[in-house]
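**Q** Pulled the feature table from Swiss-Prot, pasting it below:
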BINDING   Asp117, Asp119, Thr121, Glu128  Ca(2+) 1 binding site
BINDING   Asp161, Asn163, Asp165, Arg167, Glu172  Ca(2+) 2 binding site
DOMAIN    31-66  domain 'EF-hand 1'
DOMAIN    67-102  domain 'EF-hand 2'
DOMAIN    104-139  domain 'EF-hand 3'
DOMAIN    148-183  domain 'EF-hand 4'
LIPID     Gly2  N-myristoyl glycine
SITE      Ser140  site 'Involved in dimerization'
Amino acid sequence: MGCFQSTARRPRPGYEDPVGLASETAFSVSEVEALFELFKSISGSVIDDGLINKEEFQLALFKNKRKENLFANRIFDLFDVKKRGVIDFGDFVRALNVFHPNIPMEEKIDFSFKLYDMDNTGFIERKEVKQMLIALLGESEMRLSDEIIETILDKTFSDADTNQDGRIDRTEWENFVSRNPSLLKIMTLPYLKDITTTFPSFVFNSEVDDLVT
């Protein structure tokens, strides 16, 4: 009986104490506990192993497992800090923390810079912005001509690439988003102050609209 009980109560892989996670993040203990219920729902959607794989992550984000999405892949890669191809509960909470309204803007800027710096060169290049823009447009079901996309890229780099070397460094990115705060809308999810069992919906239509206009 004792052996059975100890087996039944064994924590899932990657599970961490809510008190410890709350001390490291902007979440309260009760919010971390609510996030665990959310995590269990996502991690069991395809394979019930206590870990979130890329397919489960994309399904939670976009309700679509039929095709890969560059944006979902980038978010997953940044959540997967241990680079194991799966996200455990600790990874999940710490990564979501950057989207909390109480987190300093500096951390949000860092995360968004890494999001676009797909080659991890320390710079955001034109091809990376183009790939991300096309991925965002695809998810929002907006259709823009190649000419309009190139115009958006021209304007972005004209405004952001102040030293005109054809790429955006970390300082240029910080200055650019400071002048265009709407670009960081996706980096704050207000309802993280009131966690429910619904996965935070990363809806980027507003960001695409801002870019287009």
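Each Cβ is built from the backbone N, Cα and C atoms, and glycine gets one as well.
Note that this is a predicted model, so its numbers are computed, not measured.
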**Q** Look up Glu172 (Ca(2+) 2 binding site) in the DSSP assignment and reduce it to helix, strand or coil.
**A** helix
**Q** For Glu128 (Ca(2+) 1 binding site), name the DSSP secondary structure in the helix/strand/coil scheme.
**A** helix
**Q** Measuring CA to CA, name the entry from the binding-site residues Asp161, Asn163, Arg167, Glu172 that ends up nearest Asp117 (Ca(2+) 1 binding site).
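**A** Comparing Cα positions, the candidate nearest Asp117 (Ca(2+) 1 binding site) turns out to be Arg167.
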**Q** I'd like the number of other C-beta atoms within 10 A of the C-beta of Glu172 (Ca(2+) 2 binding site), please.
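**A** Around the Cβ of Glu172 (Ca(2+) 2 binding site), 20 other Cβ atoms lie within 10 Å.
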**Q** Suppose we draw a 10 Å sphere around the Cβ of Asp165 (Ca(2+) 2 binding site). How many other Cβ atoms does it contain, all chains included?
**A** 10
**Q** Any idea which of the binding-site residues Asp119, Asp161 has the thinnest Cβ neighbourhood at 10 Å?
**A** Asp119
**Q** Name, in the order they occur in the sequence, the residues of the same chain whose CB lies under 8 A from the CB of Arg167 (Ca(2+) 2 binding site) and which sit 6 or more residues away.
**A** Phe123, Ile124, Glu125, Arg126, Asp161
**Q** Could you measure between Glu128 (Ca(2+) 1 binding site) and Glu172 (Ca(2+) 2 binding site) for me? Cα positions, answer in whole angstrom.
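**A** So the alpha carbons of Glu128 (Ca(2+) 1 binding site) and Glu172 (Ca(2+) 2 binding site) sit roughly 16 Å from each other.
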**Q** At the Cα level, what's the spacing in Å between Asp165 (Ca(2+) 2 binding site) and Thr121 (Ca(2+) 1 binding site), rounded?
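**A** That separation, Cα to Cα, works out to 14 Å.
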**Q** Other than Asp117, Asp119, Thr121, Glu128 themselves, what residues in this chain have Cβ atoms within 8 Å of the centroid of the Ca(2+) 1 site's Cβ atoms?
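**A** Close Cβ neighbours, site residues excluded: Tyr116, Met118, Asn120, Gly122, Phe123, Ile124, Glu125.
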**Q** I'm checking region-level scores; what's the whole-number mean pLDDT for the domain 'EF-hand 1' (31-66)?
**A** 85
